[in-house]
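Inspection log for the structure reproduced underneath, given as C-alpha cells.
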Amino acid sequence: MDPPAVGEAVKRVIVALDPARRGDVDRLLDMARLVCGVGAGIKVGLPMLALGGSEALAEAARLCKGGGLRVLDLKLADIGYIMRLAAESLSRGFDAAIAHAFVGYEGGLVELKKTLDGLGARLVLVVSMSHPGSREVLDPCLDKLLAVARRVEPWGVVAPATRPEVVARVRETLPTTVILSPGVGAQGGKPGDAICLGGADYEIVGRMVAGSPDPVSALRGVAEYIAARCPEKLLHSSTGNGPS
Ligand code: O7M
C-alpha cells in the first residue's frame, strides 16, 4: 500500500501520450490502459491524431474509460463554428477538451463551451504555456487571458509547471478553477513545482513517463517525488478541486 500522500499525488498526474512516429501509436495506446488505472488520466492531441487518426483518439478514450480523466488536447483556436465542428467530430468519449483562451468569448469560446456541455465534456483554457516563447505574447497578456477565463467559466485552465510563479498568479485569480500544469521533466519543471509551489491541481507529464521502459514505475516515481515535497498540501487540498 502506498503512503496516503503518494496515493493522493499519483491521482494528480496526467500522462501525455504523444507518439513521435507511427510505430509508437500502439505502444502508447497500450500504455493508456496501464497508466489510467494508476494515475489521474491521460492527455492525447495532435501527434496522436496525425499519426493514428481519429480512430486512435477514440481508442485512447475507450481504453481509459472508467480509469481517469481523458483529456483531448487540440488547443483549438478558431471561430466558434469551426471549433464546434472539430469538437463534435473528435471529442466524443473525452471528459475534457482544450482551447486557447486568446480566442475570446463572443463568437468563440462561448460556442465551444455550449457544444462541449452538450457532449458531456468540460472545457479547459490555455492561459499561459510552458515554453520560453510564452513570455513573448501570452504572459504579458495574462491578466486579459484570465479575464476571458473568468467570463467563460471553464472547468480548468492550463498554466506552466516550468514557471510556478505564473501558476501561483493564476491560482490567486481563479481560486476554484482546476489548474493543469505541463512542462514537468523533459521541459525542465520538477515534479511538484506546479502543485506544491503554484497551487495546481494536476501536473501533466509526457516523455518522462511515456518514454520510460517502465511507465507505471516512472509515474509512481513522479508521485513519490511530489508527495515528499508537500504531503500536507496533498492531504489537505486548499482549493478542494483535486481529482473528481
Ligand atoms: O512532458 P512533455 O514535455 O513530454 O509533454 C508535455 C505535454 O504537455 C505535451 O503533450 C504538450 O502538448 C503539453 N503542453 C505543454 O508542453 N506546454 C504547454 O504550455 C501546454 C501543454 C498542454 O498540455 O496544453 C494543454
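Glycine residues also receive a Cβ, built from the backbone N, Cα and C atoms like all the rest.
Owing to the predicted nature of the structure, the values given are computational and were not obtained by experimental measurement.
As recorded in Swiss-Prot:
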ACT_SITE  LYS75  active site, proton donor
BINDING   ASP18, LYS43, 73-82, SER130, 182-192, 206-207  substrate binding site
*Which of the three DSSP states, helix, strand or coil, fits SER130 (substrate binding site)?*
coil
*Could you list, ordered by sequence, which of these binding-site residues: ILE79, SER130, GLY185, GLY189, GLY206, have a Cβ under 6 Å from ligand 1?*
SER130, GLY185, GLY206
*So for ASP18 (substrate binding site), how many other CB atoms are inside 10 Å of its CB?*
19
*Give the number of CB atoms, excluding that of ILE79 (substrate binding site) itself, located within 10 Å of its CB.*
12
*Count the other Cβ atoms sitting within 10 Å of the Cβ of GLY185 (substrate binding site), across every protein chain shown.*
22
*Residue among recorded positions LYS75, SER130, GLY206 with least C-beta crowding, 10 angstrom cut-off*: LYS75
*For GLY189 (substrate binding site) and LYS75 (active site, proton donor), what Cα-Cα distance in Å is obtained after rounding to a whole number?*
21
*Report, in whole Å, the straight Cα-to-Cα distance of the residue listed as 'active site, proton donor' from GLY185 (substrate binding site).*
21
